[in-house]
Every structure is written in C-alpha cells, then in structure tokens.
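Below are the features I grabbed from Swiss-Prot:
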COMPBIAS  7-19  compositional bias 'Basic residues'
CROSSLNK  LYS14  ubiquitin cross-link
CROSSLNK  LYS16  ubiquitin cross-link
CROSSLNK  LYS120  ubiquitin cross-link
CROSSLNK  LYS128  SUMO2 cross-link
CROSSLNK  LYS135  SUMO2 cross-link
MOD_RES   SER2  N-acetylserine
MOD_RES   SER2  phosphoserine
MOD_RES   LYS6  N6-acetyllysine
MOD_RES   LYS10  N6-lactoyllysine
MOD_RES   LYS10  N6-acetyllysine
MOD_RES   LYS37  N6-acetyllysine
MOD_RES   SER122  phosphoserine
MOD_RES   SER140  phosphoserine
MOD_RES   TYR143  phosphotyrosine
REGION    1-22  region 'Disordered'
REGION    121-143  region 'Disordered'
Amino acid sequence: MSGRGKTGGKARAKAKSRSSRAGLQFPVGRVHRLLRKGHYAERVGAGAPVYLAAVLEYLTAEILELAGNAARDNKKTRIIPRHLQLAIRNDEELNKLLGGVTIAQGGVLPNIQAVLLPKKTSATVGPKAPSGGKKATQASQEY
C-alpha cells in the first residue's frame, strides 16, 4: 500500500496569466510591479494594472496602424521613425496627446505657407470679354 502516492487528489490547474485572462498582449503583471515600485500610491488595486495595460495596448495599436499606413503610402515594408512622426502629427488627437514629444529621426511635416507659393501668371487667365453691348457666348477655355 505504501509508495502509491496520493489518490483522488485534485490536479492543480495550469497557471493562466492575467494578460491572457484579460485578453491582452501587454503584460499585466509587469505593469502591476511597475506601479508598486514607482510609489505612485501606497496600494495598487487589482483592476488598475489591467486597465492601464489595456489603455497602453490600445494606444500602441492605434499608432502602429497609422504608422503602417504611412509606410505603405511610402512604398516601404518597414516602419521607421519618420512613419511614426507622420502618423502622429497627421492625427489630430494623437498630435494633441503627444504634442510635447520629440521623435528622434522623425523629421518635420511637409508644409509650405501659401504666401510663399508662386503667384498665378496672367497667361493662365483667359481673354477678357468684349466690352461692347453684346455678351460673349463663347465657352471658357480654362481647364
């Protein structure tokens, strides 16, 4: 009888991470540890790191989606800092959120003030209508 081990005992369930329970890719346990070690508050609730990890994951996915579109527009398959810069600065809400952030190697948005653009020449304007009493019935030649 001896040496047979425990019989009828319940097998312990496989460990499941808090990230997988919440359906997230970002690490809930690491966020919890960082919240505790950062001394932001004396105590940290169980839901706080899950919520914060979800917010961080959403923001990251949003930025990467826009940066991927910018990379595709430039016919590239790899996202570089320039694509991140274009994605953030062209989006009104992300630009407001990350207004004080400098992205290394990001460059600037292409922007030329309207007053600096060359003026339209008189050659592009069609001939004036005759000043006689009759109105011109000719169709405009401007394209």
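Positions of Cβ are set from backbone N, Cα and C atoms, glycine also.
Describe the structural surroundings of these features, if you would.
The secondary structure of LYS14 (ubiquitin cross-link), as reduced to three states from DSSP, is coil rather than helix or strand. Long-range Cβ proximity for LYS14 (ubiquitin cross-link), meaning a same-chain Cβ under 8 A and a gap of 6 or more residues, is found for none.
For LYS16 (ubiquitin cross-link), no same-chain residue that is 6 or more apart in sequence has a Cβ closer than 8 Å to its Cβ.
The Cβ neighbour count for LYS120 (ubiquitin cross-link), using a 10 Å radius and every protein chain shown, is 8. In the three-state DSSP scheme, LYS120 (ubiquitin cross-link) falls into the coil class.
With a 10 A radius on its CB, LYS10 (N6-lactoyllysine) counts 6 other CB atoms from all the protein chains.
Under DSSP, LYS37 (N6-acetyllysine) is assigned to a helix (H, G or I) in the three-state scheme.
When Cβ atoms from all protein chains are considered, those within 10 Å of SER122 (phosphoserine) total 6, not counting its own.
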I'm trying to understand the geometry here, so how far is the Cα atom of LYS37 (N6-acetyllysine) from the Cα atom of LYS120 (ubiquitin cross-link), in Å to the nearest whole number?
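If we compare the Cα positions of LYS37 (N6-acetyllysine) and LYS120 (ubiquitin cross-link), the gap is 63 Å.
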